[in-house]
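Visitor: Features from TrEMBL:
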type: DOMAIN; residues: 52-467; note: domain 'Kinesin motor'
type: BINDING; residues: Gly147, Val148, Thr149, Asn150, Ala151, Gly152, Lys153, Thr154; note: ATP binding site
type: REGION; residues: 225-248; note: region 'Disordered'
type: REGION; residues: 667-686; note: region 'Disordered'
type: COMPBIAS; residues: 672-682; note: compositional bias 'Polar residues'
type: COMPBIAS; residues: 695-712; note: compositional bias 'Basic and acidic residues'
type: REGION; residues: 695-733; note: region 'Disordered'
Amino acid sequence: MIRPSYIASIELSPRKWPVNVEDLKADLSDEFSLVSSNLDISQRNSLDSKEHIQVCLRIRPFTASEKENESQDCVSIQDSTSIILKGPKNSMICQLSEKNVGQMVQKFTFSRVFGPETTQEEFFDGTVKQPVQDFLEGHNRLIFTYGVTNAGKTYTFQGTEADIGILPRTMDMLFKSIHGQLYPDMDFKPLRCKDYIRLTKEQVREEIAVKNSILRLMKEVDSQNSINNHSKTSESSEDLEELLKEPEQPNTSMASYMKFSVWVSFCEIYNECIYDLLLPVSNDKKRRVLRLAQDTKGCSYVKDLQWIQVSDSKEAFKLLKLGLKHQSIACTKLNTYSSRSHSIFTVKMLKIEDSEAPNVTRVSELALCDLAGSERCTKTRNEGDRLKESGNINTSLLILGKCINALKNSQRSKLQLHIPFRESKLTHFLQGFFSGKGKVYMIVNISQCAYDETLNVLKFSAIAQKICVLDASNAPQDHPFVQKSAREVSLINNVDTKIQVARKRATVLWDRSLEDVIEDDDDLTVDNNETHEEHDMAKEMPNEEEENKVIIGKEDYLRLLTIIEDLKSKLINERKDKLLLELKIREEAAQVLTQCFAQQETDFRQCLSYERELLEEASEQRLEIYKDLVNECAKNLDEEQEIKDSHCNERAGMLDNTVTTIKRQMPKENSDGTIEGTQSSESVKHGLDVGRKHCFESKPTQEEEPPTKKDTISTTAEQGAFRKNLNPMSEQKQKFAIRKLYHLRRRKSAKLNAK
Ligand code: ADP
Ligand code: MG
């Protein structure tokens, strides 16, 4: 089984001396502390820097069911900034690593750690108060919750009736801070990412109508809620009254002529689609999917998102409640009110110089995101739609992790690596903040029992802490002059942005793709569904192409044009040269190849003729050998014949002698009787015939045999044996010939190679 890399990384080196268990435990924690303390120093140093992502940890208290189940406590707080995570024996990771490292103990450090007993107020004061203050001073801030399902993200974000969360508290603090400095009119409205638009009277009337209709909708929701008594997570109007009872302390540091206009929007990213949570939804109609766009400054914004001006925290709460009513919430096994989407509540504040001709001097943004929790399908036992939601939630969180990792690596290596912001809607939306728009605050929520999941969350947050995010909104310089038109605003903002983008480029690669161009182009096309406001906007606002032309400047533009022309002609010349060179190379290559082939052909021819010669030579030799053999054979046969003939003659002579002797005796015998004489002459004749026959047919006796000569053939059988002896000889000769041929060939080929 493959062991996770982090297990391998904490394995102890083999010891040479015996150790007891206690020792081992102590050493383990030492080593972890060592690793962590190194980390601590770097982390603490980094956290001191305002440009690092601030990560705060909140530990959820045990729920009633967890207490009942006697769930093991795996988290212990060490101090206000660090915790120790101990893996229970039954955890998956510990089971995997038990043999080698025993109980897993790891230390994690954060900007601040909030224990289970922390109240909502304490948590708000310790984490969110500062970014809200920054926002009031004109900075952009992002606050997002991160953790597994049921870890307390939504509780932290929204809170309950009894104890409201960071979002209502933020709105409360905001309005308390700007009390008495609220800009009463609605004629300035935020636009796109950092811009704003001055509305006409007609547009203002429309804006008011929209707001009233939404608030009316809210009343209906309220009345429904009171009938159903169903609202669980949001605050009632009475709570709001309670909050507003407190004496408001307007920020005296702000000049009295400076006014603030507050606008909010509320959207969710559900199954990789963005929906406006403030838009009324009818049951039969599908919700309108919004798109992410990017302005010329590279900032992402949700196109066509509803922005509502709010005059007090009461209105803001109402909008929050309305949005929550529309949010995709479902009951999962882990959480009965599980948010199935990432919800983003954004507040934009326009700082307005309220003079005879009011003008906006700054637009700041505070985004509060309650991310849906990462979850294991086996734990949630989700099926169908829930499973699809989980997949999308996990994917977007995974991409967030990838982006965080890539950012870390990019900053570590000082190289501009690709950050995959575009791989999910969530990261695409957050891209601006990770690329210098403003500071990022991360709230990590954990429970005390889900060890494996908690470990992953903590590891993720440890990486996130190392990321350094540039805050381009750090040096707020309100525009000191009156801005009469949106066009001027855009121009100034563009100059600002040019500087910002240049700064951003030093650290983080801007991820611009065709998608932006397409989306932005769409902005410029006339859409029948677009509101009247947008048509008016088009009149007031220059399109992006125009902006670019003005920004570059004529001289620069002309200079660039000449450079482009120059480069073009250079490119054409280069291409020509390249083509000619290619042609030349091709020709040369063809020539060389032809030569090669010709050479090869002559070589082969020579080789062939040489081989032929050798073969002829060998066959002639063979022929000679055969001729010799045949001659010798014939000679032997003649000799044999001669010997035979001499034998026959000898025998014939002997027989003749016998016959004459017999003939001499015959007259004596004839006197004894005629019959005997006849019989005996016949028998003699017969004896003679037999004798002759025997003489010619019988083999020569041992003494009569001629002396055997080597390589001579005496009989048919001997001839066969000789042939047998002859064959090995010819084979030898053949082998010799082949060897000779081989050597000759080799010599020939060596000669050819040398050539
Ligand atoms: P998540 O949004 O992470 O899925 P929730 O915020 O819905 O989880 O919390 C799950 C449950 O735990 C809720 O019933 C919530 O009231 C409770 N809870 C979470 N955090 C706390 C806390 N700090 N104090 C008391 N109860 C909490
Ligand atoms: Mg939730």
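Backbone N, Cα and C atoms are what each Cβ position is placed from, and that goes for glycine too.
Describe each of these features in terms of where it is and what it packs against.
Guide: Cβ neighbours within 10 Å of Lys153 (ATP binding site), excluding its own Cβ and spanning all shown chains: 27.
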Visitor: Could you give the mean pLDDT over the domain 'Kinesin motor' (52-467), rounded to a whole number?
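Guide: Reported value for the domain 'Kinesin motor' (52-467) is a mean pLDDT of 78.
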Visitor: Within the set Gly147, Asn150, Lys153, Thr154, which binding-site residues show a CB-to-ligand 2 distance under 6 A?
Guide: Lys153, Thr154
Visitor: Can you give me the same-chain residues 6 or more apart in sequence from Gly152 (ATP binding site) with a CB-CB distance under 8 Å?
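Guide: For Gly152 (ATP binding site), the qualifying residues are Arg58, Arg60, Asn445, Ser447.
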